[in-house]
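S.K.: Quick one: structure below, then a few questions.
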Amino acid sequence: MSPQPSRSPDRFSLAALAEDHPTAPAQGDESESLPCVNAQRGEPNLRVVDCSGARRDEEVAVEEVLIPYAHGSDPEDVPGEPPKSRWWLSSGAAVAMHVAIIGALVWVMPTPAELNLGHGELPKTMQVNFVQLEKKAEPTPQPPAAAPEPTPPKIEEPKPEPPKPKPVEKPKPKPKPKPKPVENAIPKAKPKPEPKPKPEPEPSTEASSQPSPSSAAPPPAPTVGQSTPGAQTAPSGSQGPAGLPSGSLNDSDIKPLRMDPPVYPRMAQARGIEGRVKVLFTITSDGRIDDIQVLESVPSRMFDREVRQAMAKWRFEPRVSGGKIVARQATKMFFFKIEKRR
């Protein structure tokens with residue numbers, strides 16, 4: 001591998017020249033011409049000069065190599081004359097060795113495509129423009145948010161006072177309806193019953209509006225939860241709308257066995273409500289109560305349930321008419337009053 005030319009193309013390695021062209025013993029001032037290294041440029045040949053005049057021993061020969069220069073490069077160097085000093089030779093050899101090493105490295109290392117210049121061409125200049133980056137605009141400090149104005153407390157409007165409850169007016173008792181005359185059905189011929197001895201009257205809790213002379217004592221005064229009998233709606237022996245004989249419980253042919261009074265409702269008693277209930281009912285052939293109908297209720301539906309519950313437990317003796325047990329209708333008036341303590 002031959003070294004590439006550098007900025008000093010006339011300097012080469014002395015060692016390479018010595019190996020390729022060994023020197024011969026000098027005789028007098030004779031010199032041996034070497035082939036021209038820079039023959040392409042037309043530079044003069046190198047000469048190896050034998051310094052025989054300065055040797056002390058015949059066996060030792062000192063050879064000096066003169067580094068050629070281009071014609072007219074240095075006016076002081078004259079071809080054929082010895083060098084000025086020895087240090088110039090050593091320094092030139094060192095420089096040549098460094099140049100050769102650098103040239104070898106440059107040859108081996110790949111060069112960029114831009115730097116592959118032709119012979120005698122100058123490297124192209126590269127223009128570099130420095131751009132100054134704009135500084136980021138600092139965010140402008142925002143003014144502190146104004147504190148929200150305190151909202152005035154809402155003034156609560158005074159709530160209107162609830163209206164006072166109106167006092168409950170006691171219902172006025174309705175006038176008793178006049179009993180309508182019942183059309184008598186066609187009377188059928190009935191066999192006359194055999195006369196029986198009259199039984200002794202049993203004390204009862206009912207009494208008619210007009211006390212009968214047969215009763216031994218007047219009925220007890222009404223108390224809370226007790227009832228008093230009502231007036232007759234039809235005379236004894238008459239028939240009701242269903243074709244059954246009707247009358248009042250005061251009739252002698254109606255004999256009760258069990259008559260529990262109704263219970264006074266707690267709500268009505270607590271409010272001091274009094275009233276009355278009139279019912280029409282049927283006494284079956286086995287002495288039970290059936291078909292209870294409310295004819296009058298004051299206040300409306302206040303005591304109806306208690307009356308029905310009490311009458312469901314009533315029992316009567318079967319009524320015999322013409323040798324047969326028959327059913328009949330009857331009416332009853334219940335009064336609900338509160339005893340006042342003295």
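Any Cβ shown, glycine's included, is placed from N, Cα and C.
Straight from Swiss-Prot, here's the annotation block:
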type	residues	note
COMPBIAS	140-153	compositional bias 'Pro residues'
COMPBIAS	154-172	compositional bias 'Basic and acidic residues'
COMPBIAS	191-201	compositional bias 'Basic and acidic residues'
COMPBIAS	204-215	compositional bias 'Low complexity'
COMPBIAS	224-239	compositional bias 'Polar residues'
DOMAIN	249-342	domain 'TonB C-terminal'
REGION	1-39	region 'Disordered'
REGION	136-260	region 'Disordered'
REGION	157-203	region '18 X 2 approximate repeats of [KE]-P'
TOPO_DOM	1-87	topological domain 'Cytoplasmic'
TOPO_DOM	109-342	topological domain 'Periplasmic'
TRANSMEM	88-108	transmembrane segment
S.K.: For a three-state summary based on DSSP, what are the helix, strand and coil counts in the domain 'TonB C-terminal' (249-342)?
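M.R.: When I sort the residues of the domain 'TonB C-terminal' (249-342) into the three classes, I find 14 helix, 39 strand, 41 coil.
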S.K.: Restricting to the region '18 X 2 approximate repeats of [KE]-P' (157-203), report the mean pLDDT as a whole number.
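M.R.: On average, pLDDT over the region '18 X 2 approximate repeats of [KE]-P' (157-203) sits at 54.
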